[in-house]
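As structure tokens, the structure follows; a few thoughts come after it.
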Number of protein chains: 4
Amino acid sequence: MFSDKLKEECGVFGVYNNDEFDTARMTYYGIFALQHRGQESAGIAVNNQGTILYRKEMGMVSEVFDDVVLDSLKGHSAIGHVRYSTCGDSLRENAQPLVVKYTKGHMAIAHNGNLTNAEKLREELEAQGTIFQTTTDSEVIAALLSKERIKVNAIEDALKEVMKIIKGAYSLLVLTPHKLIAARDPLGIRPLCIGKKEDSFFVSSESAAFDGLGISFVRDVEPGEIVVIDHNGLRSIQTNTEKKSALCAFEFVYFARPDSVMEGLEVYEARFKAGRILAQEHPIEADVVVGVPDSGLAAAQGYSVEAGIPIVGGFMKNRYTGRTFIQPSQELRELGVNMKLNPIRSQIEGKRVVMIDDSIVRGTTSRRIVQLLKDAGALEVHVRISSPPVKYSCYYGVDTAERKHLVANYMSIQEIGDMIGADSLGYISEDGLLESVKGNFNFCTACFSGDYPVK
Amino acid sequence: MFSDKLKEECGVFGVYNNDEFDTARMTYYGIFALQHRGQESAGIAVNNQGTILYRKEMGMVSEVFDDVVLDSLKGHSAIGHVRYSTCGDSLRENAQPLVVKYTKGHMAIAHNGNLTNAEKLREELEAQGTIFQTTTDSEVIAALLSKERIKVNAIEDALKEVMKIIKGAYSLLVLTPHKLIAARDPLGIRPLCIGKKEDSFFVSSESAAFDGLGISFVRDVEPGEIVVIDHNGLRSIQTNTEKKSALCAFEFVYFARPDSVMEGLEVYEARFKAGRILAQEHPIEADVVVGVPDSGLAAAQGYSVEAGIPIVGGFMKNRYTGRTFIQPSQELRELGVNMKLNPIRSQIEGKRVVMIDDSIVRGTTSRRIVQLLKDAGALEVHVRISSPPVKYSCYYGVDTAERKHLVANYMSIQEIGDMIGADSLGYISEDGLLESVKGNFNFCTACFSGDYPVK
Amino acid sequence: MFSDKLKEECGVFGVYNNDEFDTARMTYYGIFALQHRGQESAGIAVNNQGTILYRKEMGMVSEVFDDVVLDSLKGHSAIGHVRYSTCGDSLRENAQPLVVKYTKGHMAIAHNGNLTNAEKLREELEAQGTIFQTTTDSEVIAALLSKERIKVNAIEDALKEVMKIIKGAYSLLVLTPHKLIAARDPLGIRPLCIGKKEDSFFVSSESAAFDGLGISFVRDVEPGEIVVIDHNGLRSIQTNTEKKSALCAFEFVYFARPDSVMEGLEVYEARFKAGRILAQEHPIEADVVVGVPDSGLAAAQGYSVEAGIPIVGGFMKNRYTGRTFIQPSQELRELGVNMKLNPIRSQIEGKRVVMIDDSIVRGTTSRRIVQLLKDAGALEVHVRISSPPVKYSCYYGVDTAERKHLVANYMSIQEIGDMIGADSLGYISEDGLLESVKGNFNFCTACFSGDYPVK
Amino acid sequence: MFSDKLKEECGVFGVYNNDEFDTARMTYYGIFALQHRGQESAGIAVNNQGTILYRKEMGMVSEVFDDVVLDSLKGHSAIGHVRYSTCGDSLRENAQPLVVKYTKGHMAIAHNGNLTNAEKLREELEAQGTIFQTTTDSEVIAALLSKERIKVNAIEDALKEVMKIIKGAYSLLVLTPHKLIAARDPLGIRPLCIGKKEDSFFVSSESAAFDGLGISFVRDVEPGEIVVIDHNGLRSIQTNTEKKSALCAFEFVYFARPDSVMEGLEVYEARFKAGRILAQEHPIEADVVVGVPDSGLAAAQGYSVEAGIPIVGGFMKNRYTGRTFIQPSQELRELGVNMKLNPIRSQIEGKRVVMIDDSIVRGTTSRRIVQLLKDAGALEVHVRISSPPVKYSCYYGVDTAERKHLVANYMSIQEIGDMIGADSLGYISEDGLLESVKGNFNFCTACFSGDYPVK
């Protein structure tokens, strides 16, 4: 219940260190700060003088690692990875980083994103005799890197060749005995940024991971850029000839932490602004604004300010639902069991409520939340959504439902509003959303518009 | 870090069921909804036709129970318990419910609170030859109940006698083969309430546990009341001759869920009102109001509305810190590692900030949070606290620090403000707090006033 | 399959140490050497300057303890316990040692045996208001000790009184802040012995636990004796007025390790001698003697020597069946799945075999083993049993089947022989068995003779 | 202590089933029966209609699998693997079966043995761009198989080509969606045999795994043979042009179960015969023969029969030492702590003892055992070893020590005898050993003779 959300695939974090800090622990806290990007598995690989030591398991960062494990991961540089929550022990093989031995020694790879031509590349490689042990794109990239590496002089040159072959979205880290390499796909669909602390360099899916570690944000990795970090410092290779970009708009709408800054824009600020625009586009007479925790809160504050309607805490959210929580059975849910959200009755009862959420995927969750508010005595519930209707599947690393399950694909806005029981329903326009994230960057809006930047 | 909080001791939940529902699962969800009252251990005991089956372990509710365990706990009635987080495996023996065999069969006991004469009672019992296997008050109560039971005709009569002997705070559940008994100390220091769903009765530390289970709130258990639930329904025994009450004020300030209702008052509403009063008592010119998550948020909203200063989301809080999270070492903290709160810079930078928190215990946490705001660019940070200065230790089931560590005990408000780096500091007055919770009930304010309702 | 054996209840081990050794680890190895006496749960309690620290859990010794746990159990003296394997997590409360707080401080109790009047004593204590949290005899003993202790000056004096009240079999260890006390029931039904190493004293259910630790065997604790070990050394209190003894004969037949010495007699030697007597009582013409591993091997060697028939290794026994092994289902067993014993065909095929086992309880196991030998080509299988027919239940700490399931209770020897498919069947006579263990001690033979030494 | 043994690398078991049996459970019991061949990790892969499901983990068979896991492994055919015990979590990646996706779908590989040219093959493959994720030979074989498969029409044809490339010892199982393939290296260095039950075929490292499952032994896989099992039944491909064979002699001396039959010879019988020959080659006047458990027992029985000296049980061996047992520290061992073997004093004291063991590697263990016998009162200890001196390292899958640690490599037999404290020492001759295993097969004796059958 209440888990009808788009799902991000992964988060990555890397350290190239000059022995000042505890590399494994810095990486632990780094991927811990990115835990919202993936709760299925976690892994850390460290470069211990040419040998790559690693640990990866199903579970949350705090479950996979303890002091004994971290103490065993001594190294000069490291990369870490979190992967999103699906299910099944058999997927343990898919945990990252992927660590391989190739002709030049060991290499660890972690990435966030999705290759659109992975299946085709696998088939081609298999036809040449390659075997695969996982179903990750990382293994495809590793296989290609290894094949290109025998033709060129440096791993970054091999990566340059590989980036001509692979298509889609990727923010990629490669750890070798002497280098930490970061690369981002030519459109910059997934975020990736660089930090620095004393003589150490860091890379992360989101800048918020730097804040908690006292690391200074340096800049985003550019679309198509390969960043090579070694004992000479940081060097950039730009593979992009065209000046295009297409950052996933949903990073701002929902995925990223509100305290992260991407392409110069703070996520909270963008959401707040989207809330203001939403109020302009879909005004309504009401008594209170409530945000659906947690991702609807910033937009709700924006809506409140713009509309001059006070914001209140509308819901209590139970924070203790971890991996091992037993979800109520269908039978218990029909008996009224609802363990995640509870309305704050005093703020709702007898009020006309504007309820702000970030998106509607299947609609079932929205219907339940509207019902909770009505049950708590709301006179009217006006639903305002801070993203345009999601009508198209994502092929770049987000687990949208199949297209046929996307409610906006087969219902009009009016019908959706009726279905979820809202007294009115308003989505921000695509232009409104783009206005909220306006800057020196372009966005991928494929899931709203069907306009896919990569085929 | 950031864990410098008062700690509640426990939460209890009970079901007397007529076979309509899955007793163990109802109790599981009940204590899950009370998880904020204790994360150290969890336990459930069910009455299986006269035999009491149980499971209790160190850990969170979702860690202690899985489907296999719950399936094994078949029964007609049940009680559950959560206990707060200290540390150490050796305390496993102290997990509740306590299950004992006495002259009339089996009995399970769970309680929230603290007896002020437990040590004396233990000594008296030991001097008569009694042995103890735990250090819980529950075992003292069980020993006394058993001793009284041989003199009277019913367990509730024995309990009546025991309540003449024990002093202090307790909200108590007793499960026997034929009855579920709930009792509250004569001053009602800890909360306890009754719910109903079809033919089943429920008791809970907080009403919010009922909401998520579709249970209707009936009423609070009264101070000094013994409630006997059996196949004849619910029967009340009032042991209180005087009409006194002294509910812990901190239940409203901090412990309870905002969506719980106690003595007719919703916790969120009380906090909101405290925020308004705080704004009246300590107004300030400022640009934004921020609440320290999570317990400062409702008061912040009240302050914002009263003061006419917009509220913004000031902090991102990392929700993934479970029991197994490795806290940053002192060394890492000095390197700037801070994993729990991160300011939302866009809302803080260049602003005069009113920061609302629920209490200051040692002051160390407040100092860090003020610093975070200043580092994020706050021009001024005005701290407003929605409870009066905590100067006295609690003897009724709250883990305040020792008195000598309570900063308000040895510093003036001005000194505390300087120490935490605030540009100004204001606490709500005791009268203000009492105004915020005004109703047909009296409150224990011993930790503020030193005026202890029980010696 | 093949688990149709009598089951011993427990083993105990104690250390009174003068800081020379690592007390917890000595106890760990001590109870590890007694693991054959119980595989259900294991526990160690240490006296840490008046505080008793402990750990007990379901599982084997090596599963319950690791270095971290043992390092946390620092102390000057200690007792340990292993309990036999039944099943079920709910029995965790019954793991020993039992640690209690009583009027004089802490006390830990561990025992091997069974009180015949435990139920009556519980009822009497409950009628006085005592509560029980386990179903162990140890808790009854602790409750009585505590009650007696308030009347006398020393714990050993209290124990003396308790020994007047309790009936049955017990080898008992009591650890207090200043003493380690060992006591054995007036008939010495369960074994208990004393060892010494430098200035430290040790007690153990069996002497073999001393051998592996380099401890010198001193002597057996006498029937009815209380041994008090403290900083003054070892002191003996004899509570026995009559000179009676009744050591369980099955300790020699099956329970004890062959390398243990009890009452001056080595278990292996006794079994070997029983084998010789068996050969005298039930001679047969045959080609080879095989012992059923492991407890039938010593008697087989005796039989071989006496009869002049060569002994051969008749069976391969799979040693890896731990607690977590999945026993073959009935269906698989019918398909011929048998994971424990496999005959050594070359030694059996075409031979007339004398098969030596220690006992027949239900007969099902014997039937299967005879069948295995026939399937492996044995021409004849003559079964010889080194104990008399088991016809009566034990009330002194051995889990015999209920009497109605004891095959010797309702079948003649001829019928049993037919049922198990043997070409002939011979049991050692009761006199023969007593001859094999002949010495300065008397034996309990209740399970053969129905002659119970305690009512 | 007492673990100074040669170590076998692995055991394999496979099922090609016609839905009669529970494939995963048959494989579970199969590898359980082969647990003595490897205790480090265990794994099972099943073919579920073209998809290969698997589970592999560090630990014993009974630890890795439970009913839930086995229930999830539904399939028509299966292979299983056990690997020997080293240490370290990081080796989890090396657990087998290895499951890969290649151009024709999924494939699982398990093998026992060691390729002598693995390192060279890896380098060649890496130079062509291949990546490796484990350090197992199985991955090399999988990579080669995949490469060859694209050139030919069937997996068995690819395997034929691969067998021309790989050198060394291997008993190999390959599971594909439609086939189970078994292959043995051209010299048959490691054992592998075929079984049948109703319409199902089985393969196993040892025949004893068949006995416990009611499977009929069919025959050994021949050196160099590829056996293809599919819905058409069993088909053989012989790749061997020369008629050579070189089964590891140590399979008979130590590795294999005594109840296994290899190349027509039962292991127990071979050991028994070796004992007889040893008695002829190194007679001695003595009172008793004792075998060091478990692998010395059969030879001891042979020695006893030939020499006319009675065999006795000389040692009690503690069977409970699992993976989690805490080995005594050096300090405790010096205090006399010895947890594994304890002499049966009555059989040793005052006797002249012939002690039979299977081999001497470093000599440290033998010295301790001789000392135990002397401490138990043996007048003389004459050590007889049922294999010739081990002087050379094995490159075919046995973990002998490095050559410099092999005591027979740098000491004369006289010196070894003195070092271990024996009154006399005799090894069986190489001819004697070969006589004991005489049949239609040749043996690898490289570790005795230095005569390596494969370079």
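Each position is counted from 1, following the chain as shown.
Just so you know, glycine gets a Cβ as well, placed from its N, Cα and C.
Annotated in TrEMBL:
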ACT_SITE  B:Cys10  active site, nucleophile
BINDING   B:Cys248, B:Cys394, B:Cys444, B:Cys447  [4Fe-4S] cluster binding site
BINDING   B:Ser295, B:Asp357, B:Asp358  Mg(2+) binding site
DOMAIN    B:10-232  domain 'Glutamine amidotransferase type-2'
Inter-residue C-alpha distance, B:Cys248 ([4Fe-4S] cluster binding site) and B:Ser295 (Mg(2+) binding site) (nearest angstrom): 16
Segment-level pLDDT (mean, integer) for the domain 'Glutamine amidotransferase type-2' (B:10-232): 92
Spatial neighbour of B:Cys394 ([4Fe-4S] cluster binding site) that is closest, considering only the recorded positions B:Cys10, B:Ser295, B:Asp357, B:Asp358 and their CA atoms: B:Cys10
Spatial neighbour of B:Asp357 (Mg(2+) binding site) that is closest, considering only the recorded positions B:Cys10, B:Cys444, B:Cys447 and their CA atoms: B:Cys447
Cβ-Cβ distance under 8 Å to B:Cys444 ([4Fe-4S] cluster binding site), same chain, at least six residues away: B:Leu187, B:Ile189, B:Ala246, B:Leu247, B:Cys248, B:Ala249, B:Tyr396, B:Tyr452, B:Pro453
Separation of alpha carbons, B:Asp358 (Mg(2+) binding site) and the residue listed as 'active site, nucleophile' (Å): 20
Candidate with the highest Cβ count within 10 Å, taken from the recorded positions B:Cys10, B:Cys447: B:Cys447
Cβ neighbours within the same chain of B:Asp358 (Mg(2+) binding site) - under 8 Å, at least six residues apart: B:Val253, B:Tyr254, B:Arg271, B:Val292, B:Ser295, B:Gly296, B:Ala299, B:Ile385, B:Ser386, B:Ser387
Fewest-neighbour residue among binding-site residues, criterion Cβ within 10 Å, set B:Cys248, B:Cys394: B:Cys394
B:Ser295 (Mg(2+) binding site): tally of other CB atoms within 10 A of its CB: 22
Neighbour tally for B:Asp357 (Mg(2+) binding site), based on other Cβ positions within 10 Å of its Cβ: 23
In three-state DSSP terms, the structure that B:Asp358 (Mg(2+) binding site) belongs to: coil
